[in-house]
Protein chains: 2
Amino acid sequence: MAMDHAAAEGDHLAAERAAARFDVEAMKVAWAGSRHAVDVADRMARLVASDPVFRKDNRTMLSRKDLFKDTLRKAAHAWKRIVELRLTEEEASLLRQYVDQPGYVDLHWGMFVPAIKGQGTEEQQKKWLPLAYKFQIIGCYAQTELGHGSNVQGLETTATFDPKTDGFVIHSPTLTSSKWWPGGLGKASTHAVVYARLITEGKDYGIHGFIVQLRSLEDHSPLPGVTLGDIGGKFGSGAYNSMDNGVLRFDHVRIPRDQMLMRLSQVTREGKYVNSDVPKQLLYGTMVYVRQSIVADASKALSRAVCIAVRYSAIRKQFGSQDGGPETQVLNYRTQQSRLFPLLASAYAFRFVGDWLNWLYTDVTQKLEAKDYSTLQEAHACTAGLKAVTTSATADAIEECRKLCGGHGYLNSSGLPELFAVYVPACTYEGDNVVLLLQVARILMKTVSQLTSGKQPVGTMAYMGKVQHLMQSKCAVKTAEDWLNPAFIQEAFEARALRMAVNCAQNIGQAANQEEGSIYIIQHHIPFSLLNCTCSVLFGINCTSDDCAPCRFL
Amino acid sequence: MAMDHAAAEGDHLAAERAAARFDVEAMKVAWAGSRHAVDVADRMARLVASDPVFRKDNRTMLSRKDLFKDTLRKAAHAWKRIVELRLTEEEASLLRQYVDQPGYVDLHWGMFVPAIKGQGTEEQQKKWLPLAYKFQIIGCYAQTELGHGSNVQGLETTATFDPKTDGFVIHSPTLTSSKWWPGGLGKASTHAVVYARLITEGKDYGIHGFIVQLRSLEDHSPLPGVTLGDIGGKFGSGAYNSMDNGVLRFDHVRIPRDQMLMRLSQVTREGKYVNSDVPKQLLYGTMVYVRQSIVADASKALSRAVCIAVRYSAIRKQFGSQDGGPETQVLNYRTQQSRLFPLLASAYAFRFVGDWLNWLYTDVTQKLEAKDYSTLQEAHACTAGLKAVTTSATADAIEECRKLCGGHGYLNSSGLPELFAVYVPACTYEGDNVVLLLQVARILMKTVSQLTSGKQPVGTMAYMGKVQHLMQSKCAVKTAEDWLNPAFIQEAFEARALRMAVNCAQNIGQAANQEEGSIYIIQHHIPFSLLNCTCSVLFGINCTSDDCAPCRFL
C-alpha cells in the first residue's frame with residue numbers, strides 16, 4: 001500500500017516491505033517462538049533451497065512414476081544430509097518439513113515410530129525402535145480399511161491367537177477388510193503396525209495393534225500371504241501423488257505372539273487376554289498430540305497461501321488508472337483487503353493457538369500420568385474443535401487465496417492448486433470435521449445443561465460459569481479504539497459464544513432425538529460458526545444481529 | 001433408503017432405485033426438456049461410451065503431453081464421427097459435451113465462430129465462417145493479457161492503422177501486453193480473434209477485435225513476428241491440462257484492413273474511424289448468451305457431483321451396527337442427508353433457472369433488435385447474479401460432495417477431484433464472481449433508492465414494487481404442509497429479499513463512499529447470500545432470525 005520511490009520504479013514488494021510499521025525481526029521471532037527457532041528454520045530452509053536434489057519447480061510436471069522416484073531420491077538424500085551434518089532431531093524434522101513432499105518417511109516417523117513408543121512395551125521398544133531409527137526397517141500405519149474409516153471399531157481384519165504356534169494369524173476375511181489408504185504401504189514399507197480384531201479363546205477382544213512384516217528385507221518382495229498395491233492417483237498434480245498410499249490383504253499370515261503391541265493389554269502364552277495396569281486414557285494423549293500438530297500445520301499451510309496472495313496483490317494492478325497513468329495495485333482495493341486480511345489474521349491466530357495446544361498436550365500428559373482425568377473431556381473438545389475449525393478454515397482459505405489471484409491462481413506455477421490438493425485431506429483424516437464438531441457440540445450442550453446444577457465448567461469452558469452475567473451484559477465499548485483492550489474483546493467472545501450455546505441447547509431440547517439435534521447443529525451452527533459473530537473480531541466478518549457487540553463498531 | 005430384498009443381498013443401488021416414489025422416466029423428460037431431448041442425449045451418450053477412442057478412465061494418469069495428444073485424437077475422431085453419421089448441430093454439440101475433455105474445439109466453436117458471427121460484417125462472415133465450419137482454419141479468442149483480465153479496457157496490445165499499406169500493425173508493446181490464457185492458442189490454433197487498442201490518425205479508439213493468422217497453414221509453424229507458447233500446467237490432473245492455454249506476443253505483425261471485425265465500427269481506406277448504425281448494445285446479447293450457458297453447465301457439473309455422492313452414500317455403510325449385523329447406509333444418516341440433499345435440490349433448481357435464462361436471452365435479443373433497451377439492466381443483473389451464484393455454489397458443492405465421500409472422494413477414481421479442478425475456473429472467467437455480485441448489488445440498491453420516487457421496478461425485480469406490503473407482511477403459513485403452496489414460498493422469498501435489500505441500502509447509505517459500501521456488501525451479504533434466509537426453502541439451510549418465516553417451520 002506504500003507509494004514511494006521503489007513503487008514508482010515498479011518494485012512493489014520492496015516498497016511494501018519498506019513501509020512496514022512494525023518490527024519485522026521481532027515478528028519473525030514471535031512467529032517462530034524464539035530467536036533460536038528463527039535461526040534453525042532459516043538454516044534448514046537455506047539448506048533445502050540451495051540443494052538441487054530438493055528442487056520443487058518441476059514437481060507438478062512429473063509423471064506419477066517419476067514423482068515417486070523423486071520422492072525416494074529426496075528422502076534418501078535428506079537422510080544422508082541429516083547423518084553427514086549430524087543434525088539434531090529438531091533440525092532433522094525442520095529439514096524434512098522444508099523438503100515438503102509427502103512420502104513414506106512421514107508415516108515412518110510420524111505414525112509407525114510413535115505407535116511403537118506409545119503402545120509397545122519397553123522390550124518391544126528396545127527391539128524395534130533402533131531398527132526404525134536406522135532405517136533398517138521402514139514402517140507404516142495400517143488402520144483404515146476399504147470399508148471402514150471413521151468407525152474404527154468396525155475394522156474387520158482379524159488377528160487370531162493360535163496357542164499351537166504361540167502366534168497370531170493375521171487375515172483379511174472380506175473385500176472390505178482390505179487395508180486401504182495407508183501412506184508408505186504401496187511401495188516403500190517393509191513393516192506395518194496393523195490394527196486388527198484380537199481373537200483368542202474364541203472371543204473377540206476388539207481392535208489391537210500388531211507389528212507385521214510385509215516385504216522381504218532381502219529383495220523387497222511381498223512375503224507369502226501378503227498382497228500389496230498402490231491405490232492410484234489422488235487430487236491434484238504433485239500433491240499427495242508423491243505418496244504410495246496402498247492396499248494390503250492378508251491370507252492367514254503368521255506372526256509371533258510378541259509382535260502384538262502389549263503395553264496396554266497382553267495375550268499370555270496360554271492365550272489369556274490380560275489388561276495391564278497402564279491406563280487406557282494414555283491413548284488420548286497421543287490423539288491430542290497428533291491433533292495439535294495438525295493445527296500447527298494449518299497455520300503453516302495458510303500462511304503460505306496468504307503469502308502468495310498478498311504478494312500477488314501487491315504486484316498485480318487492475319483498474320483505477322487516471323489519464324493513462326499506472327493502475328491501482330489490487331492490494332489497495334478494500335474489497336480485496338476485506339477478503340484477504342482476515343485470512344492473514346487467521347494464519348497468526350492459528351499459529352498461536354497451536355502453541356497453546358502444545359502446552360495443553362504437555363498438561364494433559366502430566367495429568368494422565370498422575371491418573372487425573374478431570375480435564376480430559378475438555379481437552380478432547382479443544383483439540384477436536386480446533387482441529388476441525390482450523391483445517392476447514394485453512395482449506396477454504398487456500399481456495400479463496402487462489403481466487404484472489406484471479407485467473408493466475410489457477411496455474412500450477414502459482415503454487416496454490418498443489419497447496420489446496422495436498423491440504424484438503426486434513427479435513428477428513430484424524431477425524432472427519434463434521435463428526436468432530438458434533439462431538440464438541442455435544443460436550444458444550446452437556447456443559448450448558450449442567451450449569452443450573454451448580455457444576456462448574458473447567459478450562460476453556462470456565463467462562464460459562466459466568467452465565468448470569470454474560471446472558472445480560474451489554475458491551476462497554478464506546479469507541480473503536482476500545483477494541484484494543486483485550487478484556488472487551490474477550491467478554492464479547494464469551495457473551496456471544498455462551499448465548500449461542502444456550503440458544504442452541506434450548507432449540508435441540510425440543511428435538512425428538514439426538515439425530516434431530518445433530519441436524520439442528522449442522523444447519524444452524526457449523527456452516528457459519530467459523531466466520532460468524534464470535535469470530536468477527538478475529539476474522540473481520542460481521543454479523544447483523546443486534547446483540548453482537550463487535551458488529552456495532554467494525 | 002429402502003430396505004428390501006435387493007439391499008439384503010447387497011445391491012443397494014437397485015434397492016434405492018426400486019424405492020423411488022416418483023415417475024423416473026417423467027423426471028428424465030422434465031430434466032432434459034422433452035422426450036426428444038432425452039432420446040438424443042441417450043443416443044449421443046451411448047455413442048461416446050461405446051467408442052474406445054473416447055475412453056476417460058486413464059485421463060488422470062497420462063502425462064501432460066500424452067493428455068494433449070489424446071485430446072487432439074478425440075477431437076479429430078469426434079469430427080470424423082460427426083461427418084460420417086451426418087449428425088445435426090444439436091447432436092454434434094451433445095457428442096462434444098459427452099467427450100467431456102476441454103480442448104481447442106471448445107474455443108473454436110464457442111468463442112471464435114460466435115465472435116465472427118456477432119462482430120463481423122456479412123462479407124466477413126461469408127469469407128471466414130465456411131473456413132471455420134470445415135476446420136480449414138482453427139480459431140481461438142485472444143482477449144485476456146498477462147496484465148489485464150477483468151479490466152478489458154486496460155488491454156495494451158495495439159492495432160495501428162497504416163494508410164500506406166491499407167492495413168493494421170498488431171503489436172505487443174510491453175511484457176504485460178502478452179496475450180495469456182486463451183485456450184487453443186498454445187498449440188492448435190491457426191487463427192485468433194485478437195482484441196487490441198485501435199489506433200488511427202494518432203488517436204486511440206479503444207478495444208476492437210481483429211482476425212489474425214498466427215500459424216502457417218502449410219506446416220503449422222508460427223508466422224514471422226508471432227511468438228507463441230503454452231503457459232504450463234493447471235489445477236488438477238486431467239482437468240484443463242488437456243487444453244493448450246497459451247501465450248502470444250506480436251512484433252509488428254501486419255494484417256489487411258478488412259480483418260478488423262467491422263459490424264459495429266469501421267476504419268475507412270483513408271483511416272477514418274466510423275461507427276455503423278448497428279447498436280453497440282447488441283454485444284450484451286452475446287454476454288447474456290455466454291452466461292446462460294455457464295448456468296446450464298453449473299447444473300450439469302453439480303448433478304454429476306451429487307450423483308457420485310448419492311451413489312456412494314447408498315453403498316457406503318458405517319456405524320450403527322446392532323449385534324454384529326450390517327452397518328447403516330451412510331445415506332440413511334440425516335446428518336449426511338442434511339448436507340447432501342440441498343445440493344441435489346440445487347442441481348434441479350439450476351437446471352430450471354438455466355432454461356429460464358435461455359428464454360431471457362431470446363427475449364432480450366428480440367428487444368435489442370427492436371432497439372428496446374428497457375429491460376437490459378435487469379437482464380444484465382439476472383445473468384450476472386445467476387452466473388455468480390450458480391458457479392460459486394457449484395464449486396463449493398463439488399468439494400462438499402468430495403468430503404461427503406470421506407477419504408475415498410480424494411481418489412481420482414471417484415471422479416470428484418478432476419470435476420472440481422475442471423470446474424472452479426468458472427468462478428473467475430466471464431466475470432469474477434465477486435465483481436459480478438457487486439454489480440448486481442449496485443443495481444438492487446439503485447432500484448431500492450428509486451422505490452420512493454414511484455419508478456416501478458421491472459422483470460424479476462417487479463416484486464419490489466410491493467414494498468409497503470412486503471416490509472410488514474407476516475407469513476400466513478400455519479402448518480409445514482402449507483409450504484407446498486408455491487404462493488407462500490414466493491412471498492417468503494420476496495419479503496426476505498426485499499427486507500435484506502432495504503436493510504443493506506440503509507446501511508450503505510451511511511458509508512463514506514462507494515468502496516465502503518462495497519465492503520459492507522461483501523462482508524454482510526456475499527458470504528451468506530447463497531445459503532442464507534431467502535434460500536432456506538431451496539437449500540434447506542435455515543437462518544436464526546425471527547423475521548425469516550421459513551425458519552420457523554423447517
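All positions are counted from 1 along the displayed chain.
Cβ from N, Cα, C; glycine included.
A quick note: this is a predicted structure, and the numbers were derived from the prediction, not measured.
Summarising the annotation, TrEMBL assigns domain 'Acyl-coenzyme A oxidase N-terminal' to A:23-138. Annotation comment: TrEMBL describes A:140-241 as domain 'Acyl-CoA oxidase/dehydrogenase middle'. Residues annotated as FAD binding site in TrEMBL: A:THR144, A:GLY183. Residues or ranges marked as domain 'Acyl-CoA oxidase C-alpha1' in TrEMBL: A:284-445. Marked as active site, proton acceptor by TrEMBL: A:GLU430.
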Original post:
Looking only at the domain 'Acyl-CoA oxidase C-alpha1' (A:284-445), what is the mean pLDDT?
Top reply: 91
Original post:
What does DSSP give as the helix, strand and coil breakdown of the domain 'Acyl-CoA oxidase/dehydrogenase middle' (A:140-241)?
Top reply: 6 helix, 46 strand, 50 coil
Original post:
When C-beta separations to chain B are restricted to under 8 angstroms, which of the recorded positions A:THR144, A:GLY183, A:GLU430 qualify?
Top reply: A:THR144
Original post:
How far is it from A:GLY183 (FAD binding site) to the residue listed as 'active site, proton acceptor', counting Cα to Cα, in Å?
Top reply: 14
Original post:
Near A:GLY183 (FAD binding site), how many other Cβ atoms are within 10 Å of its Cβ?
Top reply: 25
**OP:** May I ask for the distance between A:THR144 (FAD binding site) and the residue listed as 'active site, proton acceptor', taken between their Cα atoms and rounded to an integer number of Å?
**Re:** 11
Original post:
When you measure from the Cβ of A:GLU430 (active site, proton acceptor), which residues in the chain that are at least 6 apart have a Cβ under 8 Å away?
Top reply: A:VAL290, A:ARG291, A:ILE294, A:LYS387
Subject >> A:THR144 (FAD binding site), number of other Cβ atoms within 10 Å >> reply: 20
Subject >> Conformational class of A:GLU430 (active site, proton acceptor) under the three-state DSSP mapping >> reply: coil
